[in-house]
Amino acid sequence: MLFKQQVWLRQKLLVLGSLAVGSLLYLVARVGSLDRLQPICPVESRFGGAHNQAELPLRALQFKRGLLHEFRKGNSSKEQVHLHDLVQQLPKAIIIGVRKGGTRALLEMLNLHPAVVKASQEIHFFDNDENYAKGIEWYRKKMPFSYPQQITIEKSPAYFITEEVPERIYKMNSSIKLLIIVREPTTRAISDYTQVLEGKERKNKTYYKFEKLAIDPNTCEVNTKYKAVRTSIYTKHLERWLKYFPIEQFHIVDGDRLITEPLPELQLVEKFLNLPPRISQYNLYFNATRGFYCLRFNIIFNKCLAGSKGRIHPEVDPSVITKLRKFFHPFNQKFYQITGRTLNWP
């Protein structure tokens, strides 16, 4: 009798150990790095009391497991999810830009979908010669673990404006899907400036005012040599990409609308990626303190983007804003024509 109990106990410990390892591997594969997200704490349960922050990743894991099961339930009942199915896949979709257009927000929101797995950091494989020289296998090993049915997505906004990138991505996968999130060009340029300004101030360095950078003092015209201005000429960059990819492989996300009405934009992306609709209004809630939408995984696990998001922009001379919008207008019209999406920017 004692021998049977010992055997039973060893078997039970083996099963529990396997479950613990499995949970850890799945957590790494699906939840990924939380470095750019900040938990809302304390999180109150509907049953009362605040949950320990250390419990939150496990609760999120349990919720996402349920979503993954829902996504896979159309398969044969004989098919099971096994840990050995986990692989590091090359991305099937890439958010290629635009810087300060909302790339991080888009990636984190898409990660709500059970069929999406995100690369937690910007890889900078295609825009960095040193990284690119390491080869495609190095790039693949930078990807998170996922199941074959899932889509791995990475984002590196520098891809959009870097000349060599379209050809390099084409050589990897000529049928890849490309996401471009854009904002009103002048607003985006000011946001770009604001991020650089904040970095200078942290180092106690002085920096020119936006007006002096955006307007050429010699000609009083828009300074197209200023990177923040050049980046906002979306059509110039897109034309370079269209030499390698048809327009059907691009999806334009309205970054301004993603801030105010994220769900319709996310539903369009789901359709573009041929994903079943899984993201709902339940997954998104407006945080009045931060002034933008945050993510809800379940009733106790909520996340907001890091505090660096939603920076307050400096006041800019209205005449400069008018001049910039007049400058961008013809480029915007061409962008609408090429993409088939009118964004009604001023």
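We count from 1, first residue shown onward.
In case you wondered, yes, glycine gets a Cβ from its N, Cα and C as well.
Per Swiss-Prot, the features are:
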{"type": "TOPO_DOM", "residues": "33-346", "note": "topological domain 'Lumenal'"}
{"type": "CARBOHYD", "residues": "N75", "note": "N-linked glycosylation site"}
{"type": "BINDING", "residues": "K100, G101, G102, T103, R104, R183, S191, Y293, K309, G310, R311, I312, H313", "note": "3'-phosphoadenylyl sulfate binding site"}
{"type": "BINDING", "residues": "E122, I123, H124, F125, F126, D127, N128, K155, S156, P157, A158, Y226, K227", "note": "substrate binding site"}
{"type": "CARBOHYD", "residues": "N173", "note": "N-linked glycosylation site"}
{"type": "CARBOHYD", "residues": "N204", "note": "N-linked glycosylation site"}
{"type": "CARBOHYD", "residues": "N287", "note": "N-linked glycosylation site"}
{"type": "DISULFID", "residues": "C294-C304", "note": "disulfide bond"}
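Annotated features, which come from Swiss-Prot, shown on the structure.
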{"residue": "K100", "record": "3'-phosphoadenylyl sulfate binding site", "Cβ contacts under 8 Å, 6 or more apart": "P157, R183, R188, S191, D192, Q195"}
{"residue": "H124", "record": "substrate binding site", "Cβ contacts under 8 Å, 6 or more apart": "N131, S156, A158"}
{"residue": "F126", "record": "substrate binding site", "Cβ contacts under 8 Å, 6 or more apart": "Y132, S156, Y159, T162, E164, V165, R168, I169"}
{"residue": "N173", "record": "N-linked glycosylation site", "Cβ contacts under 8 Å, 6 or more apart": "L90, K92"}
{"residue": "N204", "record": "N-linked glycosylation site", "Cβ contacts under 8 Å, 6 or more apart": "none"}
Among R104, K227, H313, the one of these binding-site residues whose Cβ has the fewest neighbouring Cβ atoms within 10 Å: H313
DSSP state at N287 (N-linked glycosylation site), helix/strand/coil: strand
For C294 (disulfide bond), the one of G102, K227, H313 that lies nearest, given that the binding-site residues are compared by Cα: G102
Top Cα neighbour of R104 (3'-phosphoadenylyl sulfate binding site) in the set of recorded positions N128, K227, C304: C304
For E122 (substrate binding site): intrachain residues, at least 6 apart, with Cβ closer than 8 Å: E154, K155, S156, P157, A158
Candidate recorded positions N128, K227, N287, C304, pick with smallest Cα gap to G102 (3'-phosphoadenylyl sulfate binding site): C304
Recorded substrate binding residues, E122, I123, H124, F125, F126, D127, N128, K155, S156, P157, A158, Y226, K227 - maximal Cα separation rounded to whole Å: 25
Local confidence of the topological domain 'Lumenal' (33-346) - pLDDT mean: 85
Rounded Cα separation (Å) that holds between N128 (substrate binding site) and N287 (N-linked glycosylation site): 36
By Cα-Cα distance, the member of recorded positions N287, C304, H313 nearest K227 (substrate binding site): H313
For the binding-site residues N128, S156, S191, the one whose C-beta sees the most other C-beta atoms within 10 angstroms: S156
Other C-beta atoms that fall within 10 angstroms of the C-beta of G102 (3'-phosphoadenylyl sulfate binding site): 28
Lowest local Cβ density among A158, C294, C304, which the record lists as recorded positions, within 10 Å: A158
Surrounding CB atoms that lie within 10 Å of the CB of N287 (N-linked glycosylation site), all protein chains: 14
Rounded Cα separation (Å) that holds between C304 (disulfide bond) and N287 (N-linked glycosylation site): 9
